[in-house]
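Take a look at the structure set out below.
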Amino acid sequence: MINHITDNQFKLVSKYQPSGDQPQAIEQLVDNIEGGEKAQILMGATGTGKTYTMSQVISKVNKPTLVIAHNKTLAGQLYGEFKEFFPENAVEYFVSYYDYYQPEAYVPSSDTYIEKDSSVNDEIDKLRHSATSALLERNDVIVVASVSCIYGLGSPKEYADSVVSLRPGLEISRDKLLNDLVDIQFERNDIDFQRGRFRVRGDVVEIFPASRDEHAFRVEFFGDEIDRIREVEALTGQVLGEVDHLAIFPATHFVTNDDHMEVAVAKIQAELEEQLAVFEKEGKLLEAQRLKQRTEYDIEMLREMGYTNGVENYSRHMDGRSEGEPPYTLLDFFPDDFLIMIDESHMTIGQIKGMYNGDRSRKEMLVNYGFRLPSALDNRPLRREEFESHVHQIVYVSATPGDYENEQTETVIEQIIRPTGLLDPEVEVRPTMGQIDDLLGEINARVEKNERTFITTLTKKMAEDLTDYFKEMGIKVKYMHSDIKTLERTEIIRDLRLGVFDVLVGINLLREGIDVPEVSLVAILDADKEGFLRNERGLIQTIGRAARNSEGHVIMYADTVTQSMQRAIDETARRRKIQMAYNEEHGIVPQTIKKEIRDLIAVTKAVAKEEDKEVDINSLNKQERKELVKKLEKQMQEAVEVLDFELAAQIRDMMLEVKALD
């Protein structure tokens with residue numbers, strides 16, 4: 001694999017010390033990893049500090065670590081937490097860089113070809129480059145990723161071999177450096193200086209790496225020798241310091257040298273002729289014409305520019321892989337001895353297993369109708385067994401591990417004690433007869449104590465009817481349906497915490513960000529109807545929503561007790577018993593979590609104020625609108641910096657609305 005340039009140690013920074021059963025969980029996990037155990041499960045109850053335990057393990061075993069989460073929001077939260085725990089190490093973020101992505105597709109029934117359309121988020125693209133370059137430069141790296149990490153990325157060997165290495169005293173002509181930069185897909189632009197570009201002024205070449213957003217490098221020549229290299233502010237040109245070595249990584253992950261490109265183009269040409277013969281034999285003349293025209297254009301672009309839109313579809317030829325061979329992914333950028341941690345594994349594993357099939361069926365349609373060569377099928381996510389072949393050592397992290405994880409290992413390490421001393425809630429089963437009036441009484445009791453209630457139903461109609469009824473009864477209630485976007489969902493949770501309303505009704509309250517310490521009652525309607533949300537895991541996760549309040553209580557409304565209900569009740573009672581014994585032994589009084597009510601993230605507070613005032617932008621004069629745009633621009637940038645891209649997009653839309661009036 002690739003040799004690392006620096007060999008640093010992980011250094012964990014935290015004002016907390018491991019407490020509860022964190023110390024034994026950390027010790028067991030570390031001992032097992034150092035003992036060579038391949039797979040283990042950290043079964044941590046909600047609110048027991050699993051991320052802190054993961055951080056302790058990483059710092060002690062000192063291996064490059066890949067943490068996989070099941071969506072961007074969760075990955076962003078974990079990235080922020082790990083950044084705080086490891087300020088001196090490389091904590092990187094690797095998720096899909098598309099703000100918007102419409103994959104290339106063909107619908108035969110209506111003869112509709114949908115061209116690939118996407119909007120790439122520049123900030124995330126920078127972070128992806130930062131992740132891959134960090135993995136090749138050092139070993140103290142944590143990459144927090146979504147399942148994007150199992151998608152094709154280009155050869156790490158080609159990527160590493162293409163690095164342009166510069167140091168003062170190196171004999172290289174200015175023109176040779178410019179050619180080398182163009183070869184690794186850097187673009188010359190003397191006016192608009194951005195990531196992945198360089199500019200030239202006499203004997204000075206300024207390079208803006210793809211993994212940076214503020215700092216560039218100034219390479220000064222004396223004849224055909226590098227005189228010195230300085231780090232500079234990209235915007236102002238202010239010198240920040242001198243560097244004695246500079247590694248410039250390619251501006252794209254799909255990079256191929258000239259020799260390999262010639263071979264790849266020849267293979268693409270040969271495959272094209274083969275496929276054209278197949279189409280002609282089958283009488284598919286339209287498909288043959290379409291494929292010939294598209295592929296020949298791409299070949300011309302590859303020859304002239306070394307790149308074409310959709311270059312990833314030719315990655316099999318460019319990487320020199322055989323048919324059916326797995327693509328290179330982020331996992332190949334790690335050294336052999338690395339650690340994988342899968343957060344919320346009961347959700348994430350399902351995603352890893354399902355990615356391949358969906359991608360395959362869409363691409364087969366494109367191949368069959370002459371939009372792509374058959375080799376495009378090998379630009380794909382990894383299959384489950386291919387992902388498993390990359391696993392050296394893995395920790396599955398979940399409150400409710402799935403069947404897959406339990407099949408992989410019998411080593412289950414429990415983390416049940418919460419640092420706050422909070423107990424799992426008491427669970428009781430009540431009959432469905434008169435359940436709504438019974439529930440109304442329970443809600444009123446909570447409202448008097450300024451506490452909140454979650455109600456989970458099985459159908460949309462039931463949720464809507466219940467919400468309408470409670471509104472008539474004078475209860476401040478909201479219904480959270482599946483169409484609500486992440487940002488709106490976060491705002492609803494904030495309003496619930498602030499007491500804008502007291503009751504939240506929903507079908508699936510298991511999504512991320514639904515942990516509300518103010519919730520002391522969780523009511524589960526139709527608890528005896530078996531299914532995804534009423535199986536043992538679903539019930540345990542739902543019960544966990546009341547585990548952040550010292551008054552936490554769960555009522556299941558059901559006429560029979562199913563096996564799933566019984567197992568969930570028994571497991572909750574088992575955990576509660578262990579927690580109570582620990583609290584008694586150590587004299588701990590459970591305290592409700594005191595969690596600051598942030599307005600999504602701090603930067604949105606100003607926006608919220610604007611919204612609260614309900615400013616009529618039509619009534620603002622030109623100068624006031626200009627000032628509002630400036631404010632919004634600043635807030636948008638701040639949102640991007642803390643990786644809240646959905647908020648940034650919302651602010652951007654507000655800006656466009658204001659600008660449209662001028």
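For all residues, glycine too, the Cβ spot is worked out from N, Cα and C.
The shown structure was predicted, so the numbers you read here are calculated from the model rather than taken from an experiment.
Sequence annotations record features per position, and here Swiss-Prot assigns domain 'Helicase ATP-binding' to 31-188. Per Swiss-Prot, the feature ATP binding site maps to Gly44, Ala45, Thr46, Gly47, Thr48, Gly49, Lys50, Thr51; the stated evidence is sequence analysis. If you look up Swiss-Prot, you'll see 97-120 marked as motif 'Beta-hairpin'. The feature domain 'Helicase C-terminal' is assigned by Swiss-Prot to 435-601. Taken from Swiss-Prot, the feature domain 'UVR' applies to 626-661, supported by sequence analysis.
Apart from the site residues Gly44, Ala45, Thr46, Gly47, Thr48, Gly49, Lys50, Thr51, the chain places the Cβ of Thr53, Ala399, Gln415, Arg418 no farther than 8 Å from the centroid of the site's Cβ atoms, the recorded ATP location.
Look at Thr51 (ATP binding site): DSSP puts it in a helix. Helix first, then strand, then coil: DSSP counts for the domain 'UVR' (626-661) stand at 31 helix, 0 strand, 5 coil. All chains included, 18 other C-beta atoms sit within 10 angstroms of the C-beta of Thr51 (ATP binding site). Counting other CB atoms no more than 10 Å from each candidate's CB, the binding-site residues Thr46, Thr48 peak at Thr48. In sequence order, Leu42, Gly44, Asp343, Val397, Gln415 are the residues near Lys50 (ATP binding site), counting only same-chain partners six or more apart with C-beta under 8 A. Here the binding-site residues are Gly44, Gly47, Gly49; the one with the fewest Cβ atoms within 10 Å of its Cβ is Gly47. Taken together, the residues in the motif 'Beta-hairpin' (97-120) have a mean pLDDT of 62 on the 0 to 100 scale. Contacts of Ala45 (ATP binding site) defined by a Cβ separation under 8 A and a same-chain sequence distance of 6+ are given as Ala399, Gln415, Ile416, Arg418, Asp424, Gly544, Ala547, Arg575, in order along the sequence.
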